[in-house]
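In Swiss-Prot this protein carries:
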- T12, G13, G14, N124, R163, S189, I241, A260, L261, T262, V263, S264, E265, Q286: UDP-N-acetyl-alpha-D-glucosamine binding site (BINDING)
Amino acid sequence: MSKTLLVMAGGTGGHVFPGLAVADRLKAQGWTIHWLGTADRMEAELVPAHGYPISFIDIQGVRGNGIKRLLVAPYRIVKSVLQARRVLKTIRPDVVLGMGGFASGPGGVAAWLSGIPLLLHEQNAAAGLTNKLLARLAKRVLMAFPGAFAPSRRTAVVGNPVRPEVVALPDPQLRSGAEPLRLLIVGGSLGARVLNEQVPPAVAAAGVPIEVRHQCGKGNRDAVAEAYAKQGVAAEVSEFIKDMAGAYAWADLVVCRAGALTVSEVAAAGVAAIFVPLPHAVDDHQTRNALTLVDGGAAEFLPQSELTTASLAARLSWLAGRRETLLNMAQAARRVAITDAAERVADECKRLATGQIEREL
């Protein structure tokens, strides 16, 4: 008999894309997939575009948003839990998979109240508040990186599901190029203002030949392209890179934030990186994410407070002349990567749906 999975994931690509990777794998095995999200975030368009039906609940974040929002938060949470329960009664899933985003909290509570097995996946090296709370209700808690939760019989490290075309990239040694240095800048879907402002002059000041591809975020292309032009640097600037696998394959070095999915893709691709974590990320999770590769010799760490034209130019100049170092970093990244994460999460869903996990616990 066909099984049904309800995926709760939304808000950012770091939540949605791993959820889609798991959904695609289970769909190929005959499962029915449904989604729970919010109507004003990216999942509202992205999930239907991938062929999956989605239901919406009304919920917003409550951390750090002022007294008024905190006062009305209990009412909104109860309302969203009731909305999620109605969705569950209609869909009747065998398993509910929480991948993060605003809908995961109410949806996870609704699953527990409805007696439906709840499986959590924490993408970051530091667990978020919602998953910390839901972990008490979940049958199983999966982690992308060690340390997000204390080891127990209910937890497992499975990695972050990444795009299969990234996993399929050839060995870094086969991609290692000669001069000039090929530099990929990844700022995320919204771009990273500090990278958009600091990288163009740093490339010019490095004093070595560098080819640049810069993903700058929506609405920033003209300004960033002009910044490179003023510095006399030829650069390919785009708001969004559709073929990230191709971009990673091209690059000798990536300069980027340290979101969970970015760190996992850098590792899976096997490419050297300089991470500039978002300094105000909740619980400083981007620093924790970055250190999983930095500590393994696969990447360098550059706090935003230390990012200047001079500091970045010096690092680019130094690395450009050390191809063996870049290759060693890329190979170290590949060794750290968990490339079958989507399969591992899908297997946990199947074990939960058949009661195997209940028997083991």
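Note: Cβ is positioned from N, Cα and C throughout, glycine not excepted.
Feature map: Swiss-Prot annotations on the structure.
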residue : record                                        : Cβ contacts under 8 Å, 6 or more apart
G14     : UDP-N-acetyl-alpha-D-glucosamine binding site : G100, Q123, G259, A260, L261, T262
R163    : UDP-N-acetyl-alpha-D-glucosamine binding site : F17, A21, M244, A245, E265
I241    : UDP-N-acetyl-alpha-D-glucosamine binding site : V186, R213, Q215, A247
V263    : UDP-N-acetyl-alpha-D-glucosamine binding site : N160, F275, N289, A290, T292, L293
For G14 (UDP-N-acetyl-alpha-D-glucosamine binding site), name the DSSP secondary structure in the helix/strand/coil scheme.
helix
Let me know the DSSP-derived helix, strand or coil state of E265 (UDP-N-acetyl-alpha-D-glucosamine binding site), please.
helix
If you tally other C-beta atoms within 10 angstroms for each of the binding-site residues T12, E265, the top scorer is E265
Is I241 (UDP-N-acetyl-alpha-D-glucosamine binding site) helix, strand or coil when read with DSSP?
coil
Other than its own, how many Cβ atoms are within 10 Å of the Cβ belonging to L261 (UDP-N-acetyl-alpha-D-glucosamine binding site)?
24
